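Trainee: OK, TrEMBL features for this one:
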type: ACT_SITE; residues: SER278; note: active site, nucleophile
type: ACT_SITE; residues: ASP301; note: active site, charge relay system
type: ACT_SITE; residues: HIS356; note: active site, charge relay system
Amino acid sequence: MFSYGGFLQLGVKRLNAWARTDQKRSALSFFTMGSSCSNNLGIPPGNGPNAVGCTDFMMDHTAEGTFFRLYYPCQEMESAEKPDWVPCKEYFNGLADFMKMNRALSERIFNYLFGSFKIPAYLDAPFKSNEKCPVIIFSHGLGAFRTLYSAICAEMASQGFIVASVEHRDQSASATYYFCDKPESERSNASLTKSSGATQQNLVKEWMYYRALRHGESEFPLRNKQVKQRADECILALDKLTEINSGISVQNVLETQFDWSTLKNSMDLCRIAVMGHSFGGATVIEALCKEVKFKCGVALDSWMTPLDDEIFPRVKQPIFFINSEKFQWAGNISRMKKLDSAVIQRKMITIRGTVHQSFPDFTFLTGNWIGKLMKLKGEIDPELAIDLCNKATLAFLQRHLGLEKNFNQWDPLIDGEDENLIPGTNVNLLQSAI
């Protein structure tokens, strides 16, 4: 998500420094709380014809299991709960660690800025669709986690997709968790029962935080190992959805109210795409190479550094690169260009006025001053930018998944035909690819 974390880290450092005096702490509290409660801020809901539900799924409680947030078309709900955007304080702590900030002060800042926001989806709402749903597996960026791209995921679900937003366990997420078995001596007598609650009573939550580069450590070996694990985790999430779709009974380690049996025969498993941002964009390429069930991929402002050059000719599916104007550089674009093909469609557009953080939800949740300070906002209206991204994505998915929808009305966006788009890239590739 943040690539190297530098932009947001700089912004929070400035806020940290500004907030260190007693005089300014109360001002920060008032200012940031005011931002959080503003009627003009919030994650935009989906624009499609379907209401959107979401739920969390974890199968195999260990670090080797799968963990994702599922977005799906649901029944209309008037009074259903919407989940917190950041699920708990450990994720704030993870963001602070990722950006090498003091946890206590950064947690206060993050909580003031973002603590009141909700996901634009109904928690555990009943699934409802009049047709089988195509599937998207979504991969988050470096330092992110499963809930931070809810504007994109909710839009796709509102348009009839089932979307699994994976939370990676490769130590690239700012925070995630799994469970360990309690020692026999600490186990509850309730273990004799079969209920999921009893199962949870005999487990201990274990947090896994971002693993930073060590002093003198080369980046590529770590990131390359991580991108391979990330692709495997995307494939594992797809495997679990396939089991659910076939009607196999699954045990969700998490205590949710969602009825997974309602997803039997709900998915069109001939129409599956993989999508991701930044490190997640690299994960898209790796996953396409490893799994032919993914029919196409959408890579948002992809960070290509983690990938081996040797996999590029082995990727046979169509790919759509949607880039920001401010993040990309010649060396990164040159690696994208290595995927160009005369026979397989590879498309690239750039959204004018965008920054790397124009794709995660952060961009919607800060006012102009804070957003620009923390490099969470570009010059373009963030809702316009994400709308262009989503419409172009939907048009591309219709084309390459063979959908019978009206998304082809946005086909010109695939070729960058809009005043806010650049066909291809704004980066000058004649300069040295550094």
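The first residue you see is number 1, and the count goes up from there.
Using the three backbone atoms N, Cα and C, a Cβ is placed for every residue, glycine included.
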Trainee: Any idea what the Cα distance is from ASP301 (active site, charge relay system) over to HIS356 (active site, charge relay system), rounded to a whole Å?
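Mentor: Approximately 7 Å lies between the Cα of ASP301 (active site, charge relay system) and that of HIS356 (active site, charge relay system).
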Trainee: Expressed to the nearest Å, what is the distance separating HIS356 (active site, charge relay system) and SER278 (active site, nucleophile) at their Cα atoms?
Mentor: 8
Trainee: When a 10 Å sphere is centred on the Cβ of ASP301 (active site, charge relay system), how many other Cβ atoms does it contain?
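Mentor: Its Cβ has 30 other Cβ atoms within 10 Å.
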